[in-house]
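Residues or ranges marked as N6-(pyridoxal phosphate)lysine by TrEMBL: Lys183. According to TrEMBL, the feature active site, proton acceptor maps to Lys183.
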Amino acid sequence: MKPIQVTQSSMPSFEEYVAEIKDIWESRWLTNMGDKHKQLESQLAHYLNTPNVTLFTNGHLALESTVAAFNLTGEVITTPFTFASTTHAIVRNGLTPVFCDIHAEDYTIDVSKLEPLITEKTSAILPVHVYGNICNVREIETIAKKYHLKVIYDAAHAFGVTVDGEGVANFGDASMFSFHATKVFHTIEGGAVTYRESNLRKTLNEIKNFGITGPESVDIIGGNAKMNEFQAAMGICNLRNINREILRRKAVAERYLENLKDVKGIKLVQRQKGVKSNYAYFPVLFEDYKMSRDEVYALLKEHHIHARKYFYPLTNSLDCYQDRFEPGETPVANYIAERVLTLPLYPDLPIEDVDRICQMIIEGDPRERDHFLFSDKRENELIL
Ligand SMILES: *Cc1c(COP(=O)(O)O)cnc(C)c1O
């Protein structure tokens, strides 16, 4: 049987992409904020319903550049239940991450534990919207105002999500979106920052282009993080099809939900009130289930179904941070990371495959079941 990956990139038709890149051949303008780049930036501002968007060559550099743009100092409060990128973006800017635990229900930062972590060295909060679940943005804003802290969201998972009708890009001082090939919306590799103050645009554009401000002037020590025209063209095509793709994801997610919602020992993420999801991931928590998360993962893998232990390990226990952080400080995050598995989810995933995956999780190894059906000898040994 054909292997099932945890995700599969959305693609426009070959013809649609070729038609989009034809202009690039004619103009010979391949990168450095060309027409496609400009077009995508304004289309995204429209789609995300937000005034300020700056594109980057990937989500990580978008985040790292944003942290740099705010000239932060000292400590940044964040969570370890995320991709390595979030923590690296803080550390690579010479700042110290301080890890706050997560909420047991939606896996975002537990705001009730946030205030005690604030010291005179704290300059910002960098929370993560996880799997499309949105952080408690109102409470975070209140705390940030009280202590004069910047808020930068890692919104890599939250493209197009709305909260009470408000686009998620409008919360905090800035939000980073990843347009990596595995994300709901992608530009092959790519990313963007959305932000409240429009004067940040100049700084971000300088940081992503060596700090160049004119033919003979380099103002700041920037890097290179520009999105090229072929990436932007892919984005323009994918954005045309995004609503349909999200609806197809929804159908897959709803089938999983229907199949798994009443299974004892399996916990599914509760839908958040007022949040319109993008169905980016389907996380399942194996809590007192007859199989452990690792056993389910191994069983699926044996049958060429590739689920993902996401997020595991926590970023505060990554090898590169050995002896620097104390993973014991975030017990809820530890608990979730040991038990969570994200199941394959992408727009083209056939419903029959969803059923097959769920059946395997519920009933165990199908080969064992076949033995049960066809061999009298094994019948007595197996307890189903
Ligand atoms: C994907 C991702 C990133 C990094 O984005 P890239 O575009 O791959 O650089 C950062 N944070 C989270 C939570 C992500 O899922």
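One is the number of the first residue shown, and numbering goes on along the chain from there.
Every residue gets a Cβ built from N, Cα and C, even glycine.
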Inset, instruction - List the residues of the same chain that sit at least 6 positions away from Lys183 (N6-(pyridoxal phosphate)lysine) in sequence and have their Cβ under 8 Å from its Cβ, in sequence order, or write 'none'. - result: Gly59, Ala156, His157, Phe159, Ala280
Inset, instruction - Let me know the DSSP-derived helix, strand or coil state of Lys183 (N6-(pyridoxal phosphate)lysine), please. - result: coil
